[in-house]
Amino acid sequence: MKKNMYYAISAPSGTGKSSLIKTFLNTNLGMNFRLSISHTTRNIRSEEIEGKDYFFISKEKFKKMIFEKKFIEYTYSFNNYYGTSFKEVKNKIKSNFSLFFDVNYKGVKKIKEFIPKLISIFILPPSKLDLLKRLYNRYNSNEFELNKRFYKYKKDILNYNKYDFILINRDFNNTLNKIKTIIISKNKKAINQIDKINETIKKLLKK
């Protein structure tokens, strides 16, 4: 039986995390991986598919699942709940798949209690300007939404040094290849360029 691997990827909104995960899953290396599908209470978007992107449920049902301790981890963000259920993860593990988790740092900590060998990857934007452009395009210049997302992004990156690997997404294909390298070699020194990352963090945290 093959040895399964478990990876959590975190990133501020608009950094390209979801696209990187989806593209990786369609590569030869990604064939043995599955994405752990989260539950959420937010509305489904036109391009999304129930059970593939998320399990979309009501807030009442989500709260019931919290009460019944059915989540490994959950969070409340921008007026909606998001969570990883024990059932989803156990079913994927039982099917002998390696797993990707799309969660924030608190989620990483909780999942690591359940799966100690979880490896965490944090993805940063190349610059604050680049991130603002992506957020602007995504949220149609809604100033209130932009400010909320940017405030959360500054909180997200404060935990960057608690991850196993840190990548700066300057180029999509290059970042994708680095994720593959992490999975193949798990060589931290080959990936983390600490001085460059620290300098990027300082710039990203500037007002």
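Here the Cβ of each residue, glycine as well, is placed from N, Cα and C on the backbone.
What Swiss-Prot says about this one:
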- 4-184: domain 'Guanylate kinase-like' (DOMAIN)
- ALA11, PRO12, SER13, GLY14, THR15, GLY16, LYS17, SER18: ATP binding site (BINDING)
_Please identify which of THR15, SER18 has the densest Cβ environment, defined as other Cβ atoms within 10 Å, among these binding-site residues._
THR15
*In sequence order, which residues at least six apart in the same chain have a CB under 8 Å from the CB of ALA11 (ATP binding site)?*
LYS17, PHE122, ILE123, LEU124, ASP156, ASN169
*asked:* Check the DSSP secondary structure of SER18 (ATP binding site), expressed as helix, strand or coil.
replied: helix
*Residues near the ATP site, ALA11, PRO12, SER13, GLY14, THR15, GLY16, LYS17, SER18 excluded, by Cβ within 8 Å of the Cβ center?*
ILE123, PRO125, ARG134, ASN169
_Below 8 Å Cβ to Cβ and six or more residues apart, same chain only. Which residues does that give for GLY14 (ATP binding site)?_
PRO125, LEU131, ARG134, LEU135, ARG138, ARG149, TYR153
*Nonlocal neighbours by CB distance (under 8 Å) for SER13 (ATP binding site), same chain, sequence gap 6 or more*: LEU135, ARG138, ARG149, LYS152, TYR153
_Cβ contacts of PRO12 (ATP binding site) (under 8 Å, same chain, 6 or more positions away)_ = LEU124, PRO125, LEU131, ARG149, LYS152, TYR153, ASP156, ILE157
